[in-house]
Amino acid sequence: MDGVNDSSLQGFVLMGISDHPQLEMIFFIAILFSYLLTLLGNSTIILLSRLEARLHTPMYFFLSNLSSLDLAFATSSVPQMLINLWGPGKTISYGGCITQLYVFLWLGATECILLVVMAFDRYVAVCRPLRYTAIMNPQLCWLLAVIACLGGLGNSVIQSTFTLQLPLCGHRRVEGFLCEVPAMIKLACGDTSLNQAVLNGVCTFFTAVPLSIIVISYCLIAQAVLKIRSAEGRRKAFNTCLSHLLVVFLFYGSASYGYLLPAKNSKQDQGKFISLFYSLVTPMVNPLIYTLRNMEVKGALRRLLGKGREVG
């Protein structure tokens, strides 16, 4: 950051989740348990998508990509959070903070784009079933995944670069438990209106455009589903789409609330828990949402466990 003094180069102090030290062990246990569930749930989906031949479809290719993103998304912030909750030190190095800023933005924006890609995949599956395999071929699937990754990287470079140009005010106390743009803007001296405008502009683009595409896709999907004569077919299509819509609502809702509110005006404790929601809670519940009513995943898991018992 321009104007950064020597002390700031030594690192930042993460203020954490709560101002009450007596609650830190409770938060540590709860967050550790949630993180372990995140690792288990998303790793299971990735393994099933790779090992089960019946799941070698575009839908599960993108779902395994989403699980990989969720694993990385949670891992970019939770281990540091656990370290700070466990010990007396609440610091993060300058390099660690900057790395976290870039990676968190990259993964978050990539997930925004990937959710749009998954909506497109569902649209083709429901509205163009006879051409689904031809349209969603492996080459296109990989291309869409790469576009999502590069789009997220572009967002990270733009927002992080603008944020790192801000001069610091002298103190190194980052409100919250991770280095992200709204928290870093609060550390700045002088006029931050340009940074806030860039933040709002980029976040609005990564929210309004994807959500518009998703809404249009699901309106078309709903029309197609209502034309299905089989009640079982309608139920299966609605269940698959409902899972994706719930994930979209959780991720976009919490991320938009955390990033589009003015950094200077948002409530401190509220902002911390919103950040916790999209950095840990959403990655934890995504596997549950996609698998609880998904018979294909349940069947694949039973077959995999059955093979494990036979080998044992």
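Note that Cβ sites are derived from N, Cα and C of the backbone, with glycine treated the same way.
On a predicted model such as this, the values are computed, not experimentally measured, just so you know.
Listed features, source Swiss-Prot:
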- 1-25: topological domain 'Extracellular' (TOPO_DOM)
- ASN5: N-linked glycosylation site (CARBOHYD)
- 26-49: transmembrane segment (TRANSMEM)
- 50-57: topological domain 'Cytoplasmic' (TOPO_DOM)
- 58-79: transmembrane segment (TRANSMEM)
- 80-100: topological domain 'Extracellular' (TOPO_DOM)
- CYS97-CYS189: disulfide bond (DISULFID)
- 101-120: transmembrane segment (TRANSMEM)
- 121-139: topological domain 'Cytoplasmic' (TOPO_DOM)
- 140-158: transmembrane segment (TRANSMEM)
- 159-196: topological domain 'Extracellular' (TOPO_DOM)
- 197-219: transmembrane segment (TRANSMEM)
- 220-236: topological domain 'Cytoplasmic' (TOPO_DOM)
- 237-259: transmembrane segment (TRANSMEM)
- 260-272: topological domain 'Extracellular' (TOPO_DOM)
- 273-292: transmembrane segment (TRANSMEM)
- 293-312: topological domain 'Cytoplasmic' (TOPO_DOM)
CB contacts for CYS97 (disulfide bond) [other CB atoms within 10 A, all chains]: 23
Just give the helix, strand and coil counts over the topological domain 'Cytoplasmic' (121-139), going by DSSP. 16 helix, 0 strand, 3 coil
Across the topological domain 'Extracellular' (159-196), average pLDDT on the 0 to 100 scale: 78
Would you confirm whether the transmembrane segment (197-219) and the transmembrane segment (26-49) meet the contact rule of 3 or more C-beta pairs below 8 angstroms, pairs 6 or more apart in sequence? no
All chains considered, the count of other Cβ atoms within 10 Å of the Cβ of CYS189 (disulfide bond) is 11
Do the transmembrane segment (140-158) and the transmembrane segment (26-49) come together with 3 or more C-beta pairs under 8 Å, pairs six or more apart in sequence? no
Using DSSP, what is the helix/strand/coil residue split across the topological domain 'Cytoplasmic' (50-57)? 5 helix, 0 strand, 3 coil
Counting only residues at least 6 beyond its ends, the same-chain positions whose CB falls under 8 A of a CB in the topological domain 'Cytoplasmic' (121-139) are 58-59, 62, 217-218, 220-221, 224-225, 237, 240-241, 244
Chain residues outside the topological domain 'Cytoplasmic' (220-236) and at least six past its termini with a C-beta under 8 angstroms from it: 122-123, 126-127
Are there residues at least 6 beyond the ends of the topological domain 'Cytoplasmic' (50-57) whose Cβ is under 8 Å from a Cβ of it, and what are they? 64, 296-297, 299-300, 303-304
Check CYS189 (disulfide bond) against DSSP and tell me helix, strand or coil, would you? coil
